[in-house]
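Colleague: So TrEMBL says this about it:
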ACT_SITE  GLU403  active site
BINDING   CYS206, HIS402, HIS406, HIS412  Zn(2+) binding site
BINDING   GLU262, ASP345, ASP466  Ca(2+) 2 binding site
BINDING   GLU262, ASP345, ASP352, CYS463, ASP466  Ca(2+) 1 binding site
COMPBIAS  214-229  compositional bias 'Polar residues'
DISULFID  CYS334-CYS386  disulfide bond
DISULFID  CYS363-CYS368  disulfide bond
DISULFID  CYS380-CYS463  disulfide bond
DISULFID  CYS418-CYS447  disulfide bond
DISULFID  CYS489-CYS512  disulfide bond
DISULFID  CYS500-CYS522  disulfide bond
DISULFID  CYS507-CYS541  disulfide bond
DISULFID  CYS535-CYS546  disulfide bond
DISULFID  CYS572-CYS609  disulfide bond
DISULFID  CYS576-CYS614  disulfide bond
DISULFID  CYS587-CYS599  disulfide bond
DOMAIN    259-468  domain 'Peptidase M12B'
CARBOHYD  ASN548  N-linked glycosylation site
CARBOHYD  ASN721  N-linked glycosylation site
CARBOHYD  ASN765  N-linked glycosylation site
REGION    1-23  region 'Disordered'
REGION    177-253  region 'Disordered'
Amino acid sequence: MQPKVPLGSRKQKPCSDMGDVQRAARSRGSLSAHMLLLLLASITMLLCARGAHGRPTEEDEELVLPSLERAPGHDSTTTRLRLDAFGQQLHLKLQPDSGFLAPGFTLQTVGRSPGSEAQHLDPTGDLAHCFYSGTVNGDPGSAAALSLCEGVRGAFYLQGEEFFIQPAPGVATERLAPAVPEEESSARPQFHILRRRRRGSGGAKCGVMDDETLPTSDSRPESQNTRNQWPVRDPTPQDAGKPSGPGSIRKKRFVSSPRYVETMLVADQSMADFHGSGLKHYLLTLFSVAARFYKHPSIRNSISLVVVKILVIYEEQKGPEVTSNAALTLRNFCNWQKQHNSPSDRDPEHYDTAILFTRQDLCGSHTCDTLGMADVGTVCDPSRSCSVIEDDGLQAAFTTAHELGHVFNMPHDDAKHCASLNGVTGDSHLMASMLSSLDHSQPWSPCSAYMVTSFLDNGHGECLMDKPQNPIKLPSDLPGTLYDANRQCQFTFGEESKHCPDAASTCTTLWCTGTSGGLLVCQTKHFPWADGTSCGEGKWCVSGKCVNKTDMKHFATPVHGSWGPWGPWGDCSRTCGGGVQYTMRECDNPVPKNGGKYCEGKRVRYRSCNIEDCPDNNGKTFREEQCEAHNEFSKASFGNEPTVEWTPKYAGVSPKDRCKLTCEAKGIGYFFVLQPKVVDGTPCSPDSTSVCVQGQCVKAGCDRIIDSKKKFDKCGVCGGNGSTCKKMSGIVTSTRPGYHDIVTIPAGATNIEVKHRNQRGSRNNGSFLAIRAADGTYILNGNFTLSTLEQDLTYKGTVLRYSGSSAALERIRSFSPLKEPLTIQVLMVGHALRPKIKFTYFKKKKK
């Protein structure tokens, strides 16, 4: 989850609630109001750019008559404005300036009148020619920003003094015609109020509005000069994605394969109202930025984000319920989006994940600093592969990449299990919980790369293997060429905001105008300028740096990656009993750049090592040793209870979970996954020679060599032909109550099976199997106490699998050689029917 915490600045909301807006310009009066809002953005930028200092120490005003004239000669675009005030003449040299009005700009008002229809203003024909900027009295340190429509409105700055001008109240105003010289104009002189404000020499106010002690949404300690914090919502296991069906593509371990994340983008009514006809292009622009992050080699995988469907909700009641409760909104959206997804991956409109964009202010459990929310590790789960993003400008692309990272099972970089992988990486990567500035050379941390790689290697991204048939083409233009710095500020802080120029933060941090406590301030969310934003004559921002457009070929030409050489073999995971070691290669010859393809093919090789037998450890298996290492776990988790003895649990464990360290509390019955993966080389199960490698079960022979075809014969001899043993079997019945011996199975016996079938289809006929050790103690169902459920019994290194006394076919099985003899018994209780018990096993032939 991504909250929006102040980025070294106070969180500024737009001046109007954009949740219910309407485009309107139906009267001259409304035009004036809308023009004033735009002018405020221009004025605020002006004053921040010129650095108003200290508190106002003096303010006065005069009634003036502006004099407007066109500059003579070839400079036909220049307009001059003269003001006589405060005992001086002020000459303003102005040039048309509507650059902050982005293409497709629309004016919006709060509320929707009954029966009214949204109307669009053509900024080129109606408002664009109203706005001017320039200098005063030829002073290069001065600045002016004015509107010359419906009178003169605006502000200018000269030698430490701020001037504000507007038509005088109660005085009729007419539309000035700036393109017409004064002597040709029919406009009558109009009185205006000119206010002058002088400032002292206090500290600069046009800077950061520090508010760094606001509580974060997950109550973590605050960080100085930081930006957004993303608390993960309800982390789920790494295997949260549902397993693929029978027809899915077979996964290849440790192979870099191209993955295609087919995505549906959804925009709610607040987005449609806010962005109007430019919504689709805006969404695709955001997504193209996020997609470029996933093409960066630091993610160490070939992942392509593609859009297959865009849904825009124009009627709120037909979409998911969107509220300030981020968690509830996510759940509502996840449930709603399922109806729009085809269950067939072959359908061209089938998508793997869905993203909802909204202008709704999202709130977490404690604060309203939330910018996004998603579940973790759900990319191939159709009911939970979804995200919710609060649109706060082009930096929502960072939020989109971050939340998709959670869907790909990435935790925050400051999570405990990332510490050993990341080391001291700071907060400069996309999955940082508090990202102060992005490291464009490595947007993904080592932990993020490891987690997504492990997630995909473990088979949780099989739905991403199919290449989309008809993806929607993402914009190739850099976002900054479509939305200039002023428009980026408007997206983030509202239509009144403009860019605050700051040479020190050019391209690295976008500063925007705003107000706080009646003062003009600059504010930021510590996101960089969008790539492609102009940063000077013939220059663009790229990855937080200002570069010449002539050098863009170095940033625009894709460079495909190629594998480097294989590295040396690493350490063996075990000292005996069959371990695993690895060799790896990197995609660094060359490293892919500028969206070039990541390497495909095997990135890791592994082999068996140290396959000799381990010395006897009281007959304990390697998995038993790993469980016992957690025997102190109960003291920390279960209070003052006696220390729990943990034993391996096999029964009831899903085949895909065999390589997790699932342990059961001996004599109590509860069980836990104590480690997400067992040590490499651990047998997958008691009845298999396959071993676990990085949490996956891989085939191995009885000689403990991976990919070996050798098998145990029925005598338990690796690679044998079955000639060294003989089969022993028998059928026994009994009618006497109590415990009675059926057979004593000698040490060394293999492939043991004892079956007890209840007669007449009854589930319980009053007789049950039991096992007694050579020392007289009971291993199963002793002292008239029954184990009704399926379970695995570990005895002296041998695992005996028991069906449970309630099974219709009660059965005991074991495959590995028995270390010590065991006696199989039958327990008769009540008016038991005559049982029929059949046993088989193999024992060595006498020499």
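Backbone N, Cα and C atoms are what each Cβ position is placed from, and that goes for glycine too.
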Colleague: Taking all residues of the domain 'Peptidase M12B' (259-468) together, what is their mean pLDDT?
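Modeller: Average per-residue pLDDT within the domain 'Peptidase M12B' (259-468): 91.
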Colleague: Taking the centroid of the Cβ atoms of GLU262, ASP345, ASP466 (Ca(2+) 2 site), which other same-chain residues have Cβ within 8 Å of it?
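Modeller: Output for this site, in sequence order: TYR260, ARG346, HIS350, ASP352, CYS463, LEU464, MET465, LYS467, PRO468.
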Colleague: I'm trying to understand the geometry here, so how far is the Cα atom of HIS406 (Zn(2+) binding site) from the Cα atom of CYS599 (disulfide bond), in Å to the nearest whole number?
Modeller: 23
Colleague: Counting across all protein chains present, how many other Cβ atoms fall within 10 Å of the Cβ of GLU262 (Ca(2+) 2 binding site)?
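Modeller: Around the Cβ of GLU262 (Ca(2+) 2 binding site), 25 other Cβ atoms lie within 10 Å.
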Colleague: Starting from the Cβ of ASN548 (N-linked glycosylation site), draw a 10 Å sphere and report how many other Cβ atoms land inside it.
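Modeller: ASN548 (N-linked glycosylation site) is surrounded by 12 other Cβ atoms within 10 Å.
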Colleague: Give me the CA-CA distance between CYS614 (disulfide bond) and CYS463 (Ca(2+) 1 binding site), in Å, as a whole number.
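Modeller: Counting only the Cα atoms, the answer is 42 Å.
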Colleague: Helix, strand or coil: which one is CYS380 (disulfide bond) in, per DSSP?
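Modeller: It is coil.
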Colleague: How big is the gap, in Å, between the Cα of CYS541 (disulfide bond) and that of HIS402 (Zn(2+) binding site), rounded to a whole number?
Modeller: 22
Colleague: Using all protein chains shown, find which of the disulfide-bonded residues CYS368, CYS418, CYS541 scores highest when you count other CB atoms within 10 A of its CB.
Modeller: CYS541
Colleague: Tell me, how many other CB atoms lie within 10 A of the CB of CYS500 (disulfide bond), whichever protein chain they belong to?
Modeller: 27
Colleague: For CYS489 (disulfide bond), what residues in its own chain, 6 or more apart in sequence, show a Cβ-Cβ distance under 8 Å?
Modeller: GLY393, SER497, LYS498, HIS499, LEU510, CYS512, THR513
Colleague: If you measure from the C-alpha of CYS447 (disulfide bond), which of the recorded positions CYS386, HIS402, HIS412, CYS535, CYS572, ASN765 fall inside 10 Å?
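Modeller: Matched recorded positions: HIS412, sequence order.
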Colleague: At the level of the C-alpha atoms, what whole-angstrom distance separates ASN721 (N-linked glycosylation site) and ASP352 (Ca(2+) 1 binding site)?
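Modeller: ASN721 (N-linked glycosylation site) and ASP352 (Ca(2+) 1 binding site) have their Cα atoms 50 Å apart.
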Colleague: I want to verify one value. Collapsing DSSP to three states, which class is CYS463 (Ca(2+) 1 binding site)?
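Modeller: CYS463 (Ca(2+) 1 binding site) sits in a helix per DSSP.
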Colleague: Can you tell me the CA-to-CA distance separating CYS334 (disulfide bond) and ASP345 (Ca(2+) 2 binding site), as a whole number of Å?
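Modeller: Computed Cα spacing between CYS334 (disulfide bond) and ASP345 (Ca(2+) 2 binding site) is 18 Å.
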Colleague: Within 10 Å of the Cβ of CYS447 (disulfide bond), how many other Cβ atoms are there?
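Modeller: Summing over all protein chains shown, CYS447 (disulfide bond) has 24 other Cβ atoms within 10 Å.
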Colleague: According to DSSP, does CYS614 (disulfide bond) sit in a helix, a strand, or coil?
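Modeller: Its secondary structure by DSSP: coil.
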Colleague: Of GLU403, CYS463, CYS500, CYS576, CYS587, which is closest to CYS546 (disulfide bond) if I measure between C-alpha atoms? They're all recorded positions.
Modeller: CYS500
